[in-house]
């Protein structure tokens, strides 16, 4: 296998950070050669900070939970960070940050109920860390009271976002006990009977992100219901399947009793239901879980007849069943009561295995990737090291599987997709295929609908896969399935730079808040759990943040195309490591400024808006009675704004 060529300099530095770095170089030229890595480190860490909510009221000042009985009154003002509404400071402590790039840095750490914030005291410029506690996966004590060696006593923190942190403290007087206990308590609130920060946040936004996805409206957009497919509310109380949404689309001829019988033969009761329908040829993407065939090869006539109803809905000769697993895994699942659709039982279907590995393989693959990108990247062995992680190989298999689904649908054949339980690889395949087929999902709001529908509503186990607020870092249910999906989306945006309305910043923001627990969007495993915990009424949606500042997440090169199907190239030669996500914490990698082409295009758009405004002012002045004489003395130059606008409207 040929590893892809990856340039280690392709890390995006925010424009403001780059300009400040240049300013520092100009004003301190004599120090530049010694300080370049420290400067870059500062900029990278500063750029990683989550934008704070601007509020004139500091919630700490009005809080009664940390008054005179606590030492909070003695804490220094935290001028560098605006606390979020609902965020409260817990402890300050003098500490040494063992920076893997710049060495030991003395400073102060501030811990709130939302974040860990560190600022160095002796570095110029100051080095800062701003880490949401939700991104912390593991906290361990480093060294003991008798440990020898400088900075050998302290804390080791493993993060879920591809970085680790190490802090050293003085050994005398159990100086780390208080900070360890507080960090452990607030980083893993559910393990200590506390609420996740999303339930404490008091942020307010112009838009209500919870209203972005309305199932019936989305199905109507697709042209449903019709004479072949109907909407059913059989799962209104989660009685048919507790991990499915309440609103499902099923074959028109299938009765409620049929659905109940089929649910007994599908793992977790996750019956085949419609996810998407092609408007012209009426081919559908259905999703479900594996059939409960078992070692004895059980059959279920109701399930077989139900799949025939799906096939007949648009006259497909043979229903294509895409089983995401390697065939050997599917066979092995028979031993635990699962299995796959055999040819004898399902004669009007063809079964295709896509060879995508399970959650455990993906977890180990990302661990290997982290090992080679943080804290150091060995350039001399980079290609072989990257190849040994198999991460891009897994990305290739997922994208390749989705291409097969999309291609079959474009050809007019209906498909059904499943893995074992239908909430991991299945979600990857259906959502990527829909992204290729339906341009609506490539818009900023359409992409949000896609995530709400295929991932959140249909029960991807976010709580288990991410471990929100849970101290059990070794849980075998942890896996980066959703991170892998977002990586696949990023690969598509690189191959089709004008096809997506959203930009890379949106994808990074989504992954940051997948861990942060600042919003309720990715909490819990399924809709029934969210209803039980009153998620929508007690937390804020991530889409409230995004849609209140939509311009920050828009791609300036976006060109709307309503009927274009995207077929990305899923070969290793065309896949890249997402350096600006996986290696963004490493300041030694040369920072790349914004693309000059993109920057120029943004400037032209701004110039166009300026000319449009001037033209409008001229038209208003021409229409006024006092300026009527000007209309008789127009010159060729008077049309120049229009001429400029014409040029700027030319497709880029």
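Quick reminder: no glycine exception, Cβ is built from N, Cα and C everywhere.
The following features are taken from TrEMBL:
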type	residues	note
DOMAIN	209-582	domain 'Myotubularin phosphatase'
BINDING	358, 359, 419, 420, 421, 422, 423, 424, 425	substrate binding site
DOMAIN	389-435	domain 'Tyrosine specific protein phosphatases'
ACT_SITE	419	active site, phosphocysteine intermediate
REGION	622-652	region 'Disordered'
COMPBIAS	622-634	compositional bias 'Low complexity'
COMPBIAS	635-645	compositional bias 'Polar residues'
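A Cβ within 8 Å of the Cβ centre of 358, 359, 419, 420, 421, 422, 423, 424, 425, the residues given for substrate, is found for these other residues of the same chain: 324, 426, 481.
Sequence-distant neighbours of residue 423 (substrate binding site): residues of the same chain at least 6 apart with a C-beta under 8 Å from its C-beta are 243, 270, 289, 458, 459, 460, 461. In the predicted model, the domain 'Tyrosine specific protein phosphatases' (389-435) has a mean pLDDT of 98.
Within the set of binding-site residues (419, 421, 425), the lowest number of other Cβ atoms found within 10 Å of a Cβ is recorded at 421. The Cβ of residue 358 (substrate binding site) has 325, 329, 420 as same-chain neighbours under 8 Å, each 6 or more residues away in sequence.
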